[in-house]
Amino acid sequence: MESQASENGSQTSSGVTDDYSSWYIEEPLGAEEVQPEGVNPLCQPTVPPALHHACLASLSLLALLLLALLVRRRRLWPHCAHCRPGLPSPVDFLAGNRSWTVPTAVFVALFSNLCLLLPDENPLPFLNRTAASSPDGEPETSRGPWKLLALLYYPALYYPLAACATAGHRAAYLLGTVLSWVHVSVQVWQRAECPQDPKIYKHYSLLASLPLLLSLGFLSLWYPVQVVQSIRHRTGAGSQGLQTSYSEKYLRALLCPKKLDSCSHPASKRSLLSRAWAFSQHSIYTPEPGFCLPLKLVISATLTGTATYQVALLLLVSVVPTVQKVRAGITTDVSYLLAGFGIVLSEDRQEVVELVKHHLWAVEACYISALVLSCSLTFLLLIRSLRTHRANLKALHRGAALDLGPPLQSTHPSRQAIVCWMSFSAYQTAFSCLGLLVQQVIFFLGTTILAFLVFVPLLHGRNLLLLRSLESTWPFWLTLVLAVILQNIAANWVFLESHHGYPELTNRRMLCVATFLLFPINMLVGAIMAIWRVLLSSLYNTVHLGQMDLSLLPQRAASLDPGYHTYRNFLRIEASQSHPGVIAFCALLLHVPSPQPQPPLAPQDSLRPAAEEEGMQLLQTKDLMAKGAGPKGSRSRARWGLAYTLLHNPSLQAFRKAALTSAKANGTQP
């Protein structure tokens, strides 16, 4: 019996053990963890990113040293450092004859890499930093200092890639080909090996790297083309004639303007299509022959478009997939959750589920609509601002004074102006990012309020809060509307009278009586107008937050707006240091043979006062008589504009012979 009992006990214990072991069959074994549903496991590439970046950094440093041997510092120290290597310039911002494609592509690649730093745990990939964990399991070290170092690392990484284009040497183009191919190969390899990333969204890393891949792909094609062209032409100095092509085109377009076709056809005889085209030309930016935007403005516009894409992508993938998952996981338990807050949508639980899903779908639709509206407004204002930039630069080139707030004290470069010019593109990109973010928040709140107070209640026939509030307060609103309508009718028919075709104030006694009696009601109307003023100004400033060519403050306080202040000083440097007319005349002077010695003339380094006054009258942009003077008047104004520019341009005044200590006026030597 004892043996049988022990046998039964062993069987029972083993059976219980078997039963208990079956309970933990789904539990993780050892240190393994179960990935949540819908989350992809972290990709482990065959070649770690640390090795990729170590190779890229070494190759970039080697390329920079080779470029330093090619580029000599003859411009700074022509005698004492004739054979010493110098640091090549990555971008020549003030040269209007340079191609804008390579600097723009490099800046897009740099900005895209900085955007990819946002979800990255290792900002510096070649430093595999494992953060020490605290007893609570949280990392003790912060990634902030490493991300600050990454902000300096990536510009240094792409520095040689941009400098190879400015060197203008066949070996530099070949070096740029190798660098661009290595960069694009590393990026394509990483995206092909790990197309999905569990951070933020599985496809976010791939979608955010599209501008990076496009810019590097363009550079990998541009540099080989330059190598082939340099081998075919067998010369590297043949670009000197091309350097002044833009300046010559500018002078031709300025001195020989073509008659517009719209002037020969009256406005009444033009078709609807031509009117629409003329309106689009006046409202948005269209290329104009003979004028090119400065390189900084082109880079800023491209970075604004890239920033809009990156911010919109981040806003989209960080919210919409989460809302979709929440909507798909709603069950009947949500009715109990809402009942706990005192919200009873329906007695039927299944109907509550459908209503909640429909409301979440409405929230998602409002969010996407607000994002589309924000991106559309950003692009439209960007195109419009390019036209404003061109108009302001053309006016400054011809010596006109712009209504850009308080007048500048001097047109000469200053410390503040140089700092503003250096930071213009960076400010424009940051303003665009923040402006799109603020627009998204404001538009999302507005569309959500409109949807849940108007459209959703009307569709479902319940929760008509807005209509109920209007039903209870309709006497108040009717009184205000009638007061405004009656005042307008009385102002038009009672208090105004025409005498000999001129309106004149009449019935002054009745006017004073009506003003006194309607004072309380007008005070209520004023409160409504004050709320409308706040909303309108907030909406206006939100829409134009990304524009630096427009002050968000009144004209008297325009200098307090940091963005507008930066824009004014940027125009000041661009108009004085990279004037195409000045560049063209300097190029002509360099190519003109030295003249025969002439007898010394009377000192004269400027126009006669009467002649300069006559020229300034021609330069007045608001003179209607000068505008209607025809082609001869426009040609005269253009010539006087060039003369005024060559006399007063700050980049030339310091180098004219009258300003030198060892020379007399008009170039006469002692």
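For all residues, glycine too, the Cβ spot is worked out from N, Cα and C.
Note that the structure is predicted; figures quoted are calculated from it, not measured.
Per Swiss-Prot, the topological domain holding TRP421 carries the same name as the one holding ARG508, which places both on one side of the membrane. As a summary of secondary structure, the topological domain 'Extracellular' (318-368) carries 37 helix, 0 strand, 14 coil according to DSSP. Counting Cβ pairs under 8 Å that are 6 or more residues apart, the transmembrane segment (206-226) and the transmembrane segment (99-119) reach 3 or more and are in contact.
With a threshold of 8 Å between CB atoms, the same-chain residues lying at least 6 positions outside the transmembrane segment (424-444) that come near it are 107, 111, 296, 299-300, 303-304, 307-308, 310-312, 315, 366-367, 369-371, 373-375, 377-378, 538-539, 542-548, 562-563, 566-567, 570.
Tertiary proximity for the transmembrane segment (297-317) is limited to same-chain residues at least six positions away from its ends with a CB under 8 Å from its CB atoms, namely 100, 103-104, 107-108, 111-112, 115, 118, 200-201, 203-204, 207-208, 211, 368, 371, 374-375, 378-379, 382, 386, 389, 424-425, 428-429, 432-433, 436-437, 440, 546. When averaged over the region 'Interaction with RBP1' (235-294), pLDDT in the model lands at 63. Within the same chain, residues 56-57, 60, 63-64, 67, 88-91, 99, 102-103, 106, 109-110, 113-114, 117, 122-124, 127, 129, 172-173, 175-176, 179-180, 183, 219, 223, 226 sit at least 6 positions outside the transmembrane segment (145-165) and bring their C-beta atoms closer than 8 Å to a C-beta of that stretch.
Contact between the transmembrane segment (169-189) and the transmembrane segment (369-389) is not supported: fewer than 3 Cβ pairs lie under 8 Å, counting only residues 6 or more apart in sequence.
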